[in-house]
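Chemist: Questions regarding the structure given below will be posed in turn.
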């Protein structure tokens, strides 16, 4: 960020803008908390399930770790060489004692995975509810789902606990599916161009903060015990209540008011609240251009998003950045972390895992400052390459672990580096770059599709990793390294730089993707008109 842009950013950073962004990203805090909270009290909740269902619990090896983007590994995905308590042995395939662990495993798997299912279902309605109610009202309304889901889990001991938790996780997933689309939409629309990237990374910061807090509160001497686990599961309802009341103080998106509703004066008032004493006319003029462009085209549906050549390149990029986030191997790294810490002789591996969470949070904060200085594309590429190298180091460490005990420390260092590089780019950038790639017309549909893709990949990774790990053993990270190489090459050739560009400038690059020279001429014309 140059000196002029920095001065403009500081000028536009008002108290109302800070409040609005903070309030919105509380939705992502709930997302992170809900993803991470279910893992820590796993043994305690399973023991409660077994008492309620009258079955014998398996001796499960709990990981005590959550994925960096928030995905918690589905139970039963024990890595090679660890206790696979969730699966009966071949000699134990009949009889009540064999059936009981499978029943318990089924209920626990549903307790974890229904969250992702809820997110997939609701993600497609983001555009509709965001346009129908407005960004702020929509976030207000969907908070009812979060409060309801958290109440169901918080009161789990007063009824059939397994059913209440599964239902609560599903309802909370519905909320997070909607929130994960509405929040980036709102934040990108209220943020000035100079701050759009930095404020966009706060999504990921909120997620990792939620995960870290859930890990800490899940320690057995705090809330992760037999008496307090319902409170632990339902505690993000407090954040939902806080967000609900703070949203009453937040202005509606000026872009939504001006472009969607045509309320010019209300849009100006909203801009003045968000920008302070700055003249709103420059942004109003930009919105007018965007409105005219949106008026010249019919409303963009999800089907049109895929069938129209105008949006095809941007849609492919939007989907690929979501896939690269989830299929990068971050969940596998976190899944293996506790086991590797145990092999390295760490007495309390859960604290080491929390240490990884702290490093994760710290580097997410650092990425807030890096994203506007280095640019989205550069950080995304650097992060993917760093993760690729770390994945290869992890493979070497795991393969040679049985021969050289000190290789466990190589694996530990690789874990920390993998997490750091993830937070540099592939972690935060996919959450906000989709909103930057599309103008007002196709943006809601694009965010809905990207959100569904993210949730679907989240679910696939959790359900399939067990079989991949069993098949490949310590070489599982070779697969992730290969995927990271594919993602790097795609990003290098296809992902544009969106730093400091208006939505129209970004769209101009995609409009004539087949003719790069014309695209650059159009981009320079747009920049020249803005400077004039």
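Quick reminder: no glycine exception, Cβ is built from N, Cα and C everywhere.
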Chemist: Can you dig out which of the ranges 44-67, 68-91, 164-187 TrEMBL describes as transmembrane segment?
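Modeler: In TrEMBL, residues 164-187 carry the label transmembrane segment.
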Chemist: Quickly jot the same-chain residues contacting the transmembrane segment (12-33) by Cβ under 8 Å, restricted to those at least six beyond its ends, or write none.
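Modeler: Same-chain contacts beyond the ends: 70, 139, 146, 172, 175-176, 179-180, 182-183, 186-187, 190-192, 194-195, 199, 202-211, 213-214, 235-236, 239-240, 242-243, 246-247, 249-251, 273-276, 278, 431.
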Chemist: When you scan the chain for residues with a C-beta under 8 Å from the transmembrane segment (106-128), skipping those not six or more beyond its ends, what do you find?
Modeler: 34-35, 38-39, 42, 45-46, 49, 53, 71-72, 74-76, 86, 162, 165-166, 169-178, 180-182, 185, 302, 444-445, 447-449, 451-452, 454-456, 458-459, 462-463
Chemist: Which listed stretch (140-158, 378-400, 475-493) has the most C-beta pairs under 8 A with the transmembrane segment (164-187)?
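Modeler: Stretch with maximum Cβ contacts: 140-158.
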Chemist: With a Cβ cut-off under 8 Å, give me the same-chain residues at least six positions beyond the ends of the transmembrane segment (475-493) that come close to it.
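Modeler: Distant Cβ neighbours of the transmembrane segment (475-493) are 79, 320-321, 323-324, 327-329, 332, 377, 380-381, 384-385, 387-388, 391-392, 394-395, 398-399, 426, 468-469.
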